[in-house]
């Protein structure tokens with residue numbers, strides 16, 4: 001019996017080591033670095049004059065700011081504690097602010113992406129009438145409304161959470177950032193909020209709306225592309241400005257579809273896991289479920305870190321504006337020259353190798369002819 005307990009304890013230690021060392025310490029800083037670099041560059045690109053005229057670009061700008069806040073919460077809540085840096089327990093204020101910021105940032109990012117999906121769907125369904133809705137001023141107003149509503153919905157976290165002490169396995173009092181144990185009413189409220197309510201408001205509603213809007217966008221874009229190809233001869237008088245506008249809209253739509261797809265793939269498993277855990281009879285968190293939660297949480301936060309790289313891969317207009325940023329604009333010519341030099345060197349190396357091979361073959365043929373003559 002003691003041997004089996006030791007084996008089980010060693011297995012549990014392995015699960016915790018994988019979660020803390022591999023997932024949080026290993027991949028955690030990498031995800032944060034990708035998110036901070038990508039979010040900062042996205043903010044700089046979408047602030048450029050060529051893009052900020054579009055309402056969709058305004059949503060992408062605030063989405064990048066929400067992504068940066070998600071990366072800060074990822075570090076504070078999950079990564080830094082594995083390095084024994086506990087910011088949440090330094091004071092009640094930090095505990096309340098960062099718990100509120102985590103829920104606020106996730107909700108805001110998801111609903112900004114949802115608003116952007118609605119914006120694109122309306123623009124492709126009603127190209128003329130959408131000019132009243134799909135405007136830059138409207139995007140600012142909708143984002144402000146989302147911020148206010150999101151703040152009100154999550155404001156109870158500022159009341160319910162604080163730094164409290166619990167007994168550790170070594171019978172020592174350890175400070176943790178948690179909701180108050182003295183209020184049974186708030187415990188029940190938060191238990192319901194953190195399971196069904198959070199899943200419905202943070203993932204299910206955006207998931208349904210984005211799926212419908214994306215389906216509308218894909219169908220309309222496919223139809224418009226087919227009609228353009230059929231009427232290609234009639235559209236020769238189409239101005240260069242209108243072609244650029246259409247291409248910019250098409251690329252922004254492609255960027256949105258890719259971001260929505262990443263949201264569905266990377267965040268849905270986490271919410272399914274939360275629902276299963278909330279319905280499970282086991283109320284204690286085992287180290288196996290701790291490891292699974294760590295992996296799924298890292299995937300969910302990866303969603304908020306990869307938006308910049310999705311834009312770079314799917315949007316040529318985004319890449320063009322990215323290159324025009326002054327740090328990249330200075331470095332870019334040197335990178336092109338370096339790549340060209342490498343290509344020239346490689347081509348010269350290949351050519352030299354080919355010449356040597358030919359010379360060797362000629363020498364062998366000459367020697368063979370001489371031997372035959374002898």
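Here the Cβ of each residue, glycine as well, is placed from N, Cα and C on the backbone.
Sequence-distant contacts of the transmembrane segment (22-46) (same chain, at least 6 residues past either end, Cβ-Cβ under 8 Å): 52, 57-58, 60-61, 63-65, 67-68, 70-71, 74-75, 78-79, 82-83, 291, 294-295, 298, 301-302, 304-309, 311, 318, 321-322, 325. What TrEMBL records for 22-46 (among others) is transmembrane segment.
The annotation domain 'G-protein coupled receptors family 1 profile' is assigned in TrEMBL to 38-311.
The feature transmembrane segment is assigned by TrEMBL to 58-77 (among others). Listed by sequence, the residues of this chain that lie at least six past the ends of the transmembrane segment (58-77) yet keep a Cβ under 8 A from its Cβ atoms are 28, 31-32, 35-36, 38-40, 42-43, 46-47, 52, 87-88, 98, 101-102, 104-106, 108-109, 112-113, 115-116, 119, 136, 139-140, 143, 255, 259, 301, 304-305, 307-308, 311.
Summarising the annotation, TrEMBL assigns transmembrane segment to 139-161 (among others).
Long-range contacts of the transmembrane segment (204-222) within the same chain, counting only residues at least 6 positions beyond its ends with a Cβ under 8 Å from a Cβ of the stretch, are 110-111, 113-114, 117-118, 120-121, 124-125, 250, 253, 256-257, 260-261, 263-264, 268, 271. TrEMBL lists 204-222 (among others) with the feature transmembrane segment.
Here TrEMBL flags 252-270 (among others) as transmembrane segment. Tertiary neighbourhood of the transmembrane segment (252-270): same-chain residues 54, 56-57, 60, 63, 110, 113, 116-117, 120, 124, 203, 206-207, 210-211, 214, 217-218, 221, 296-297, 299-300, 302-303, 306-307, 310-311, 313-315, 317-318, selected by CB-CB distance under 8 Å and a gap of 6+ residues from either end.
Here the transmembrane segment (290-310) has long-range neighbours at 15-16, 18-20, 23-24, 27-28, 31-32, 34-35, 37-39, 41-42, 60, 63-64, 66-67, 70-71, 74, 78, 105, 109, 255, 258-259, 262-263, 266-267, 269-270, 273, meaning same-chain residues at least 6 beyond its ends whose C-beta is under 8 angstroms from one of its own. Annotation comment: TrEMBL describes 290-310 (among others) as transmembrane segment.
This prediction places the mean pLDDT of the domain 'G-protein coupled receptors family 1 profile' (38-311) at 82.
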